[in-house]
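Visitor: Per TrEMBL, the feature domain 'Peptidase S54 rhomboid' maps to 135-270. Here TrEMBL flags 1-49 as region 'Disordered'. TrEMBL lists 61-82, 144-163, 175-194, 200-221, 228-247, 253-275, 296-318 with the feature transmembrane segment.
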Amino acid sequence: MGEKESETAPIWGRTRQSENNNINPMDVESSALSEQHRSQNRSRGGSYEERGRGVKEFRSWFSWLIPCFVIANVVVFVITMYVNNCPKKSGDCFAGFLGRFSFQSTRENPLLGPSSLTLRTMGGLDVKKVVEGDEGWRLLSCNWLHGGVVHLLVNMLTLLFIGMRMEREFGFIRIGLLYLISGFGGSILSALFLRSNISVGASGAVFGLLGGMLSEIFINWTIYSNKVVTIITLVLIVAVNLGLGVLPGVDNFAHIGGFATGFLLGFVLLIRPHYGWINQRSAPAAKPHKYNICQAILWTVSLLLLLGWFIAGLISLFNNVDGNKHCSWCHYLSCVPTSRWSCNREPASCTTTQLGNQLSMTCLRNGKSGSYILANPSDSRINSLCVQLCR
């Protein structure tokens, strides 16, 4: 909401500060100031050193927005499970003692969550509905939905660990924009390449925070002392997480799109004055530019690339462009097939025949058939059985 009066160290490491943690003008490093100059400085309101002590390089913000985002995600998940109502709509549930909030069968959803039909109803990213049904709002709503408890816990713990530290450092406005816009960018890339599946989750937005962390070091290069080690650490963290994204069932395109968007946006939103300006700002004769030429170039190029990406991505999406037709190998970025699993992302589709109380079903994907004794099964129940049959 506001700024605390205490100073805080930056997230990624030590800055180039003097031992007393104050930013002092370079002039005070010399001990050769005459007594006459000292007296003149006092008459103007104190010495350079005394005035320099009032300059703070970093301020600490109170982190409240990220916890609100976490609460919102949890509330949306609870509402989703209430709407899912597995005992009534499907029948085959896990943790039935939870009643209306029990999970779909683990054979259908191993993440302990709702059915895909419920996720679609609640606003999951369905490309067909976005393009043909004019439901572009799904590009935003999908970032607040999660496929299950496991999915929710992983994303929210990561968000709390990274997001709260960033919010304390840069404030709620910049980090809030970074989070929301990165999630939107991840949804666009996901919609261009994952054309048939329902995509949900805050992973794109969380990866956007990681991208912003990395670009912030580059654009504020002069104020950090251990930047190389920090960059290597961040790159390894991102590489490991993107590597896990090639497993089946994970939307790695949302991760990549969110990270790329956050990386570019970090140059725009997280820029700080360079060290020379901070160190000399109290000296009356020194008037350096607040941002150096490299920072200005990075800011400009990143903003142009970001605008270009959003314009091109949205135009392609609403013109129903399939990214896979223009990049034959890009599908490997989200899933690499092995002998242990398949990367077939086609949605479950079955033919059904109802004779009295007997429901016969055949999966069109793998040809498996099954018979069930059910009287007037609901659409959710049929969809649940079809998903299990096609696995």
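From the backbone N, Cα and C atoms, a Cβ is placed for every residue, glycine too.
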Visitor: Which stretch from 144-163, 200-221, 228-247, 253-275, 296-318 shares the most C-beta pairs under 8 Å with the transmembrane segment (61-82)?
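Guide: The stretch I would name here is 144-163.
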Visitor: Considering only the recorded stretches 228-247, 253-275, 296-318, state which has the highest number of Cβ pairs under 8 Å to the transmembrane segment (175-194).
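Guide: Counting Cβ pairs under 8 Å, the winner is 253-275.
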Visitor: Which listed range (144-163, 228-247, 296-318) shows the maximal number of Cβ pairs under 8 Å with respect to the transmembrane segment (253-275)?
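Guide: Against the transmembrane segment (253-275), the leading stretch is 296-318.
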Visitor: By DSSP, what is the split of the domain 'Peptidase S54 rhomboid' (135-270) into helix, strand and coil residues?
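Guide: Helix (H, G, I), strand (E, B), coil: 107 helix, 2 strand, 27 coil.
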Visitor: Looking at the domain 'Peptidase S54 rhomboid' (135-270) alone, can you tell me the average pLDDT?
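Guide: Computed over the domain 'Peptidase S54 rhomboid' (135-270), the mean pLDDT is 92 on the 0 to 100 scale.
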